[in-house]
Amino acid sequence: MIFMSSFRLRRRIKYYFMNPCEKYRARGRKPWKLMLQLVKIAIITIQLVSFGLSNQMVVTFKGENLVTFKHLFLKNYADGDTDNYAVYRQADVYGYISHSIKQYGNLYNITLGNHEYEKNGDSYSPLTLCQTFYRNGSVYAGNETFEIDAEVDTDCVEFYPDHHPSPEEVMSHFPLHFKRFALVSVTVTFVLKAINLQTIRYRELPDCYDFTITFNNNAHSGRIKIEMDQDVSISECRDWEIIGASSQVLYLTEVFDCVIILTCIASFILCTRSVLTGIRLQCEYSQYCRNSSGKDAPWSDKLEFVNGWYILIIVSDTLSIIGSILKIEIENKVVTSYDICSIFLGTGTMLVWIGVIRYMGYFKKYNILILTLRAALPNVIRFICCAGIIYLGYCFCGWIVIGPYHEKFRTLNTVSECLFSLINGDDMFPTFKDMNQKSSLVWVFSRIYLYTFVSLFIYMILSLFITIITDTYTTIKQLDQSGTPTSELQEFLSMCNDLPNSGVYRLEKSSSCCLNFISR
């Protein structure tokens with residue numbers, strides 16, 4: 001009885017590890033998961049391209065409007081002046097603020113777009129001028145003394161579009177606290193509306209945008225840097241009509257998104273069922289090992305039953321379903337989370353395409369590459385953990401020592417990016433050349449630091465990393481050529497010589513059905 005059950009278990013496990021073609025020959029089972037994955041790849045890619053084109057129009061419209069507002073509301077602004085756009089005199093601050101207020105009032109006469117003021121009832125929304133400053137602050141640099149209350153106060157004044165104040169009027173009605181040396185920042189905030197009409201050409205409904213433009217003036221040693229940013233909220237237009245076009249395309253797009261959601265749900269169910277089947281076979285195999293040899297199956301054999309490709313597809317299906325729901329909400333103007341939707345759809349599509357490698361593994365030559373990556377992964381992770389500790393040490397050291405003298409080492413993020421570029425041989429000479437030579441000691445230290453980092457990571461760590469992959473590939477290739485089992489599970493399955501087209505798997509299927517019926 002045990003002998004018969006062991007052979008039955010071997011056939012079931014062997015059938016579980018068969019590829020779709022072998023399963024079709026063994027039991028006539030059609031490769032539904034394979035066909036579903038191929039269909040899913042096609043429709044998800046089409047969905048991603050469609051959403052990407054729509055998102056591109058949104059990003060372009062927001063970016064071009066920001067550039068437009070900089071030229072309209074920033075005095076003497078020229079393209080490329082973002083980093084060096086600043087004022088240094090008190091009169092200039094009032095002049096720049098007055099220029100922005102005037103341009104805001106003359107918006108109808110100067111803009112080339114369809115920009116409008118925001119309305120609250122029958123009146124327009126005002127432009128708000130605010131300053132933040134320390135409470136009761138006094139600084140005497142000559143005596144090297146200061147007294148500042150850490151509490152920050154905010155003072156604001158409003159200007160409506162029909163008001164065009166001069167710099168002197170702004171100064172008289174809204175004096176900035178320069179003399180107290182307590183000024184923190186000055187902001188000019190207003191709201192404009194615009195409609196993105198370029199979407200009409202693609203039979204999509206145009207969006208209504210709320211632009212909130214803020215001038216951030218941060219005081220740094222007498223230099224007030226002027227920056228412009230925008231907060232964009234997208235909403236559905238209240239009343240619209242497009243002559244010569246219908247909203248049928250929008251409805252078809254939503255139907256297509258619903259088809260994708262249903263496809264991903266079906267794929268999720270099929271892959272989840274396969275994962276549960278593998279777990280059930282793993283339990284039966286572990287029980288067999290305990291009954292036959294008195295010891296449990298090795299963890300490496302147990303992990304063979306957990307198909308990582310199925311888990312990858314389940315994750316990608318989940319991300320695609322969430323992304324598709326968000327896409328439908330965006331198309332109906334319920335939410336405006338373009339970035340979040342892009343992350344879900346992009347990651348889901350990436351994982352779907354990566355999952356195609358599973359089917360490439362059914363070919364012998366491609367399977368060697370996949371087995372190499374899987375076998376080398378534990379060693380690679382351990383190696384990266386050790387190398388990462390050294391890498392972090394260099395990051396912290398470079399940031400604290402070289403940061404004040406080198407632009408690429410000013411923050412931990414830029415330090416990490418710079419060092420990673422050096423490992424790949426990129427931007428090497430400029431990194432050495434751009435080092436500030438004001439401190440000879442730090443300059444010498446930077447040379448020792450960079451030379452040791454390049455020598456250690458390129459000549460040693462990177463070479464060892466490649467060696468791990470190469471050795472694993474050689475081992476897998478030799479095992480594949482010899483054809484000898486490499487694990488207890490493979491030795492267990494090697495005793496089953498039944499071919500897929502032998503017909504015994506069909507009998508095994510019917511017998512298992514009978515056994516299930518009797519067990520009920």
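Note that Cβ sites are derived from N, Cα and C of the backbone, with glycine treated the same way.
According to TrEMBL:
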DOMAIN    58-238  domain 'Mucolipin extracytosolic'
DOMAIN    335-476  domain 'Polycystin cation channel PKD1/PKD2'
TRANSMEM  249-270  transmembrane segment
TRANSMEM  308-328  transmembrane segment
TRANSMEM  340-360  transmembrane segment
TRANSMEM  380-402  transmembrane segment
TRANSMEM  448-469  transmembrane segment
Overall pLDDT of the domain 'Mucolipin extracytosolic' (58-238), taken as the mean: 75
Tertiary contacts of the transmembrane segment (448-469) (same chain, 6+ residues out, Cβ under 8 Å): 372, 376, 379-380, 383, 387, 390-391, 394, 397-398, 401-402, 419, 422-423, 425, 428, 431-432
Intrachain neighbours beyond the transmembrane segment (380-402), with Cβ under 8 angstroms and 6 or more residues off its ends: 409-412, 415-416, 418-419, 435, 442, 445-446, 449, 453, 456-457, 461, 464-465, 468-469
Positions on the same chain near the transmembrane segment (340-360), where near means CB under 8 A and six or more residues out: 34, 37, 40-41, 44-45, 47-48, 51, 55, 309, 312-313, 315-320, 322-324, 326-327, 330, 366-367, 370
Distal contacts, the transmembrane segment (308-328) - CB-CB under 8 A, six or more residues away: 37, 44, 47, 51, 254, 257-258, 260-261, 264-265, 267-268, 271-272, 274-275, 278, 335, 337, 340-341, 343-345, 347-352, 354-355, 358
Counts by DSSP class (helix H/G/I, strand E/B, coil) across the domain 'Polycystin cation channel PKD1/PKD2' (335-476): 122 helix, 0 strand, 20 coil
